[in-house]
Amino acid sequence: MNSTLFFFIVFCSASIRICLADCDNLQDACPTDMTAKKAVFINGFPCKNPSNIIAADFKTSGLNHAGDTDNFLHSSMNIITAADFSGLNTLGLSIARTDLDVDGVIMPHSHPRASEMFFLSKGIVLAGFLDTNNTLFQSIIKGGDVFLFPRGLLHFCLNSGYEPAVGYSVMNSQNPGVVSIGGAMFETDSELRDKIARQLNSIPASELKHINNATLAKLFSRIHIKESL
């Protein structure tokens with residue numbers, strides 16, 4: 001074998017190993033140092049001194065209480081990241097709580113940096129997402145069920161039961177981000193929300209699999225694009 005080619009292969013192999021060496025954590029944990037001044041901007045947060053790490057760094061009560069659903073969507077979504085829960089730093093995780101009052105809806109949105117596992121604790125919810133082929137995947141889920149929203153895809157939730165629903169999520173990013181289509185492009189009102197909720201709730205579970213984009217388009221046909229766009 002040509003010696004130049006041999007050394008090139010060895011160099012590439014070493015380079016690949018070097019690139020992969022730091023994919024995992026370099027220590028057991030790295031809770032966020034909430035007191036540190038961020039003078040240098042890095043992909044994450046400064047860590048506490050390991051000698052100052054305590055058990056409380058890995059506990060949060062941020063999801064104990066229901067969110068405020070006194071709004072025209074009758075819903076609330078509270079996402080907790082490493083900026084709020086120090087123990088999440090460097091672990092590539094975020095957590096969230098979703099509260100849906102009767103007929104409540106979480107409008108279509110996406111998380112550009114994370115997939116989401118949605119665990120429904122209580123209630124009956126219609127959960128779904130659209131893929132890049134504009135194919136709709138949705139299902140009625142009940143307490144104890146889990147539904148997965150793939151990374152970056154538009155997804156939504158609608159309370160399809162007769163009592164408030166509560167769900168908890170885990171996302172595989174410590175800063176998943178939220179891109180809201182409803183808030184960015186559309187104007188809605190309570191009458192429109194109630195009409196959409198009533199029509200979706202009137203669809204028998206056995207027929208959900210036959211719902212297509214044309215059906216959804218009809219349901220949302222009275223949503224108005226903001227004049228400023």
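The backbone N, Cα and C atoms fix where each Cβ goes, glycine too.
These figures come from a predicted structure and were not determined experimentally.
Sequence annotations record features per position, and here TrEMBL assigns Mn(2+) binding site to H109, H111, E116, H155. Summarising the environment of H111 (Mn(2+) binding site), the number of other Cβ atoms within 10 Å of its Cβ, over all protein chains shown, is 25.
Look at TrEMBL and you will find H111, E116 tagged as oxalate binding site.
Annotated disulfide bond per TrEMBL: C30-C47, in sequence order.
Annotation source TrEMBL lists domain 'Cupin type-1' at 61-194.
Taken from TrEMBL, the feature signal peptide covers 1-21.
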H111 (Mn(2+) binding site) and C47 (disulfide bond), Cα-Cα, nearest whole angstrom: 25
Between C30 (disulfide bond) and H111 (Mn(2+) binding site): CA-CA distance (Å): 24
Cβ-centroid neighbourhood (8 Å) of the Mn(2+) site, H109, H111, E116, H155 excluded: S110, A114, F129, F149, L153, L154, P176, V178
Other CB atoms within 10 A, centred on C30 (disulfide bond): 23
